[in-house]
2 protein chains.
Amino acid sequence: MQISELGERELLKRLQQFGPPGIIGDDGAVLAVPPSQSLVVTTDTLVNGVHFSPQTTSAEDVGWRAVAANLSDLAAMGASPLGITVALALPPETELAWLDGLYQGIAACLNPFATPLVGGDLCRASEISLSITAFGCVTSGIYRRQARVGDAIVVSGVHGASRAGLELLLNDQQWHDLDPQIRENFISAHQRPRPRLDLLEPLQRLKIERIAGMDSSDGLGDAVIQLAHESGVKAKLWGDRLPSPPGLSAMVPPELAQDWVLWGGEDFELVLCLAPEDAQRLLEEVSGLSIIGEMVAGVGVELQLRDRIEILAIQSGFRHF
Amino acid sequence: MQISELGERELLKRLQQFGPPGIIGDDGAVLAVPPSQSLVVTTDTLVNGVHFSPQTTSAEDVGWRAVAANLSDLAAMGASPLGITVALALPPETELAWLDGLYQGIAACLNPFATPLVGGDLCRASEISLSITAFGCVTSGIYRRQARVGDAIVVSGVHGASRAGLELLLNDQQWHDLDPQIRENFISAHQRPRPRLDLLEPLQRLKIERIAGMDSSDGLGDAVIQLAHESGVKAKLWGDRLPSPPGLSAMVPPELAQDWVLWGGEDFELVLCLAPEDAQRLLEEVSGLSIIGEMVAGVGVELQLRDRIEILAIQSGFRHF
């Protein structure tokens, strides 16, 4: 069944079921912001054929990833989510099953964080595009420009897994002898990335005074370059400490593995800069974090390898225009 | 010059100039919400060829109207604007002049309300679409479901002017003998609608305890039907009190004029239901408001004309699917 057969009124009713009762129906949604907290807002658009394709992404995964990208931006600001809005443009011949899948994926990613879908807009277009705006609240935020000389660079999780998952989805035949569990891990990292909102509670509990940071959605290398640049310091990374996922070194040669770890992107982990003693306290509190380098006086980013030093520069990466 | 010639980095720099310094550059924007106020969020999408066309809408007007629609939704909730985000998808061959015009229109509509553009997203697509999310803060909100039997129905401004302006833009030749000032008023009503945020201050100052309401973006008739339905009451409208713009009766026959006043849409005025004594106080405080009817026990909407009563029902109106 195509959505044009269902009609607009039924369609809206169907989608409103994904929001909490009572909150949808007015011209806007009303939400409480806890006293003495600030509002944090972030927005992100996915376009069919640009950000996703039917080959590698189911409707559920599109919904999940759009939400994950926005919640990851909130986590990167140190903000707890309050809600999201979804603006959806799509062709009338879109299958209703696709739309249902999209909203199921959105709900699946929101649910663990008890974050409501509080409103949206639905309109006709010749291609599918999806804009999500997420808002959260924060007491003391995390900003890119707050890194200082002497800071430890801490990164959550592993990097390169999402890029490896994409490779497996695009060239399945080539990797038929890969361990099935590793294959599943990589594909899941690509299709169902987890925003690191779980880190906010320990960060708050430890009462760390100053944290610089951002997420690694555009790549770990990109995040470190941005943090150093915005803070006016130089980053030194230790090549042997970069957290690559189990199985990656068995899949591709070391140089390509390093490329995926640094520039693969879409891992949605956090990259944080904080005083070394605070970094130590954080690592004792939370497992799965790594110290990958330090901030020193200067400009740019150096990667210390066994036999040489590489200077990292923004990769051409994914450019829209 | 096309935006693809400028390149993504230059493009983003150019657009960031429309935001306040310092607020753009992190993963999200941070905004203060005044203590003991709630957050209000609303979102709205415009797609080229669906919501606007080069024939009737300049880039500046697209930007203006997208912002106006969102700010009008905030006004309809009784909320003062805190900021907006803009998610823009567009083809690489879009003229840079068009993009500049869009952001100039956005800024022109935001400026009188000192409302910042705090963030956004820019991506490639095969057609232009623009999603704006606006957020505001409110002490005691305006809701659709709060109308009561006995309420006066108050409407701001005039209705039908935007529809008349659209007609003039679509069929210019047919109306060559229309008074130039009236022509200009109608076209301006269509291209540069003004969100009625100016009404919030007097509404607050009068400390009116309960106000039901919404904006008339989908038509005055539609707004009254929604308010009656959501509140479980019946609306009686007085045909001779419906506020039509000067010059409309000289332009089209009475029946068409009434149709445009009730169903033309896009006037972005407020339709409010409140106790008759509060309505009276409000009219004494603010000029340009009209009492157009009352809420009674029952269901539906009646329009009292000189010689008969019409029952109003949702028009097919603008449907996307």
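Placement of Cβ uses the backbone N, Cα and C atoms for every residue, glycine included.
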A:Asp27, A:Asp73 bind Mg(2+) 3 per TrEMBL; candidate in A:Asp179, A:Asp198, A:Asp215 listed for that same site: A:Asp215
In three-state DSSP terms, the structure that A:Thr43 (Mg(2+) 1 binding site) belongs to: strand
Candidates A:Asp27, A:Thr42, A:Asp121, A:Asp218, A:Glu266 (binding-site residues) - the one closest to A:Tyr103 (ATP binding site) by CA: A:Asp121
Candidates from A:Asp73, A:Asp215, A:Asp218, A:Glu266 close to chain B, where binding-site residues are judged by Cβ under 8 Å: A:Asp73, A:Asp215
Euclidean distance between Cα atoms of A:Asp215 (Mg(2+) 3 binding site) and A:Asp73 (Mg(2+) 4 binding site), Å: 7
Whole-number mean of pLDDT values that fall within the domain 'PurM-like N-terminal' (A:25-138): 91
Residue among binding-site residues A:His51, A:Gly120, A:Asp215, A:Glu266 with Cα closest to the Cα of A:Thr42 (Mg(2+) 4 binding site): A:Asp215
Cα-Cα distance linking A:His51 (substrate binding site) and A:Arg145 (ATP binding site), given in Å to the nearest integer: 29
